[in-house]
């Protein structure tokens with residue numbers, strides 16, 4: 001008797017829901033990878049926008065008036081270039097932080113597939129527009145600041161949407177481990193963004209932005225075509241199709257199907273939680289403040305590590321960008337190994353499993369539509385730290401890189417203090433009941 005091939009047996013051993021979960025996990029992983037992939041080029045290109053031109057061989061036919069800045073890209077050819085880089089970073093990060101508080105509210109009320117795909121396509125456009133400044137010979141700081149700010153706003157569509165999608169498909173029992181593995185998209189995106197930008201940074205830095213912009217825009221189209229927001233949407237569409245085709249023939253079966261259909265429709269129209277209501281969920285404020293200091297440290301490394309390596313170790317822009325990826329993989333002995341593990345580990349835990357658990361807290365009484373808002377509040381507060389860190393680095397670095405690291409150490413200490421404060425937390429939940437939540441010291 002012939003038997004099925006082992007591979008086919010393996011495939012058929014999984015249920016349809018299991019395959020949908022796998023596909024959703026893979027799609028959302030790829031989608032948010034492209035978000036971080038498109039954010040990374042600016043940190044790689046900085047060391048190309050302002051270089052030590054005295055060590056660069058200039059073309060013979062080029063009339064040089066300043067031997068130190070002839071190869072720099074205006075307006076970043078001045079002595080205050082670090083401050084200008086800080087302004088450029090904050091145009092993105094401040095817009096991102098402000099937009100994140102509203103993004104979750106929109107995400108709870110709009111179809112996630114449309115919301116996420118439109119955000120990815122717009123992000124691709126604005127990322128590419130920054131790179132086109134190279135080909136259009138744009139030397140206005142306002143142009144680059146405007147593009148960065150607009151990109152920061154549309155990038156807020158990503159995190160609340162993908163976390164909500166994953167939270168809709170996976171129960172609490174599996175969520176911690178799954179989201180812990182899934183959250184590696186942040187590091188994967190940073191690594192790919194650094195490597196792609198590094199390929200073009202020395203020859204035509206505009207492509208360092210245009211190529212990632214095209215990648216995230218294409219991913220947005222894929223999102224529109226294939227993303228299923230939740231299991232209830234899948235069952236609802238299937239039941240409506242069967243009902244329209246007149247396939248409910250037996251009275252008992254028809255009654256059960258109609259009952260399940262009505263329950264799913266009620267669940268889908270559950271009232272979205274308010275911003276203030278989400279703040280009253282136990283633990284949201286504490287973890288938001290903890291993430292603020294954690295992202296301050298993480299994003300300072302994200303935006304300034306390649307420039308630090310180029311200035312201190314005197315690497316060229318591509319080598320500095322390639323070396324900075326080791327912060328994400330923790331693959332170098334010394335500073336980058338411990339910083340990458342100890343900074344990104346807690347940051348990843350708070351933004352994924354913790355956010356998802358708080359967004360489905362028991363005091364919500366089954367209202368699953370709070371997940372996107374809670375995620376946006378936590379990540380939005382963290383993004384304030386992400387904006388402050390690079391800005392402080394730009395202001396402090398002229399006094400010495402050691403002072404920047406003292407600032408990062410202070411931020412880590414504050415993150416620990418916030419997390420280790422009151423163990424017993426009393427909070428009035430959005431439903432009106434008082435819940436006492438005991439948090440273990442970590």
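Heads up, the Cβ atoms here are built off N, Cα and C, so glycines get one too.
Heads up, TrEMBL stuff is auto-annotated, nobody curated it.
According to TrEMBL:
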DOMAIN    24-442  domain 'Major facilitator superfamily (MFS) profile'
TRANSMEM  20-38  transmembrane segment
TRANSMEM  84-107  transmembrane segment
TRANSMEM  114-135  transmembrane segment
TRANSMEM  141-170  transmembrane segment
TRANSMEM  182-201  transmembrane segment
TRANSMEM  207-228  transmembrane segment
TRANSMEM  289-309  transmembrane segment
TRANSMEM  329-350  transmembrane segment
Top Cβ-contact partner of the transmembrane segment (20-38) among 141-170, 182-201, 289-309 (pairs under 8 Å): 182-201
Segment proximity, the transmembrane segment (141-170) to the transmembrane segment (84-107), 3 or more C-beta pairs under 8 Å: yes
For the transmembrane segment (182-201), distant same-chain residues with Cβ under 8 A (at least six beyond the ends): 25, 28-30, 32-41, 43-45, 47-48, 166, 207-209, 211-212, 215, 302, 306, 317-318, 321-322, 324-325, 328-329, 344, 348, 351-352
Spatial neighbours of the transmembrane segment (289-309) far in sequence, C-beta under 8 Å, 6+ residues away: 39-40, 42-44, 46-47, 85, 89, 93, 190, 194, 315, 317, 320-321, 323-324, 327, 339, 343-344, 346-347, 350-351, 378-379, 381-390, 392-394, 397, 401, 404, 408, 411-412, 414-415, 418-419
Beyond the flanks of the transmembrane segment (207-228) by 6 or more, those residues with Cβ under 8 Å of it: 20, 23-24, 27, 30-31, 34-35, 37-38, 40-42, 44-45, 112-114, 116-121, 123-132, 165, 193, 196-201, 234
Distal contacts, the transmembrane segment (114-135) - CB-CB under 8 A, six or more residues away: 31, 34-35, 38, 41-42, 106-107, 143-144, 147-148, 150-151, 154-158, 161-162, 165, 204-210, 212-221, 223-224, 227
